[in-house]
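Note sheet for the following structure.
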Amino acid sequence: MAAVVGIFVGQAWSGIPWFEAGAAPGAVAPFSFGTLLGTQLLLMGWVESKRWVDFFNPDSQAVEWATPWSRTAENFANATGEQGYPGGKFFDPLGFAGTLSDGVYVADAEKLERLKVAEIKHARLAMLAMLIFYFEAGQGKTPLAALGL
């Protein structure tokens, strides 16, 4: 979802089409390829190892986030009791689906359900937008040019 907004903002700011941005002569990478690769392998390795463990022991990785701190920090667990979905003061710092009262996160189940559905809808819309962007790029067009901007 952020990529769709980033494509519009990036082109409006730099004037370079999103599909040519990395090839621009003045493009500066914020970090090296080795740093990117190492970070990707470390983070994805952790996530995939959790998925692999969950394959052999279903739902084992969704219980209280299955993290080293999950036994001591109750607010890392989902306040609604639903396993495997974000919640709590660290995963909802702006209080969209609950409130923080005296350091304890109190979830609003109705708001959380609406936000889950909205997230799925927004993600599907973003995927459709990216598909359109790919087709436009194949024709040499940018999203801003297709909109006449």
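Even glycines carry a Cβ here, placed using N, Cα and C.
Note on ARG124 (chlorophyll a binding site): other Cβ atoms within 10 Å of its Cβ, all shown chains, come to 10. The annotation chlorophyll a binding site is assigned in TrEMBL to GLU119, ARG124.
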Same chain, |i - j| six or more, Cβ under 8 Å of GLU119 (chlorophyll a binding site); the result in sequence order is none
